[in-house]
Amino acid sequence: MSLTAGLTDARPDTVETATVAVIGTGAIGRDLVSKIDRSPGLDCRLVAGRNPESAGLRYAESLGCATTAAGIDAVLAASPFDVVFDATSAASHRDHWPLLEPLGTLVIDLTPSKVGQMVAPTVTGVAAEDARNVNLISCGGQASVPVVHALAARFPVTYLEVVSTVASDVAGRATRLNLDEYVTATGHAVTTFSGVSDVKIILNISPAVPPATFRTVIHARVPDADAAAVRAVVDRAAEQVRSFAPGYEVVACTAADDLVTIVLKVTACSDVLPPYAGNLDIINAAAVLVAEQYAARPGRVSRTGVSS
């Protein structure tokens, strides 16, 4: 069921600020902290990493955030927070969740761990409801799920192939360690939200210079596909995604016989990322949107972490 009607009002003008912590200080963590800092509904109280010399910790300090190189242990010692973002790795998140679960904090997982409830805002809605662990699937999942969901709701799709390409210099260590988990989590999400069981997922890490802007290409088998009808469905889905990720666009959409090909590009809208790092931008934008919606939830009980 699509809950996209709620997206227009997903960022209320007045909300009670939610205290948050971020675990992970790589490129995705830096951009996440930047987006949180711009959000009137979120108050970043702690950024936790492992390397005291990391650029991510230095950046967080420059924004006035409390920082630590003690990782999850520091978050547990300083808790409770309203929201904890985990921007580490799938394996690390599996270790973190049993420690965070008893705290009652909303955990937003940006790794392909498959531990929590999958969220793609324009498909599932942005409210966390009663879930305490929300999983953002993957960058390719955030780019592809809205389109494959819309296609399958309108046409008899029999096969889906999702090929995403990211620039090498924004594919960090965790991304490279998570390749198997990425394929599994993205495939699971595509099948879950499209109902199509025959699915193939590919992730390319491109060393091209200049760096390649993040792209996701979707190939779909749709009997007797009508090009105009397909394009209309895809454009509507893309417009909804742009409500929270404005750099999301449809570059091409073709239909010939039973083969539909859709090319999506995401340009980062970020204070810290290069424009080609749309893979990080789209998943972070979705994560912040989930947190903002949670902050605005009626009856939410606030928690207090370390002072900023």
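The backbone N, Cα and C atoms fix where each Cβ goes, glycine too.
Here the structure is a predicted model, which means the values were calculated and not measured.
According to Swiss-Prot, the feature active site, acyl-thioester intermediate maps to C139, an assignment based on sequence analysis. The Cβ neighbour count for C139 (active site, acyl-thioester intermediate), using a 10 Å radius and every protein chain shown, is 31. Mapped onto three states, the DSSP output places C139 (active site, acyl-thioester intermediate) in helix.
Marked as NAD(+) binding site by Swiss-Prot: T25, G26, A27, I28, N279. Cβ environment of T25 (NAD(+) binding site): V47, A48, G49, R50, N51, S54, A55, G56, L57, A60 lie under 8 Å away, each six or more residues apart in the same chain.
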Checklist entry - In sequence order, which residues at least six apart in the same chain have a CB under 8 Å from the CB of N279 (NAD(+) binding site)? => result C139, G140, A143, S164, V166, V170, F214, V266
Item to check | Spatial neighbours, same chain, of G26 (NAD(+) binding site) - Cβ under 8 Å, 6+ residues apart | outcome: S54, G56, A87, G172, R173, A174
Item to check | Long-range Cβ environment of A27 (NAD(+) binding site), under 8 Å and at least 6 residues apart | outcome: G56, V170, G172, L273, A277, L280
Checklist entry - Looking only at Cβ atoms, how many others are within 10 Å of the one on I28 (NAD(+) binding site)? => result 29
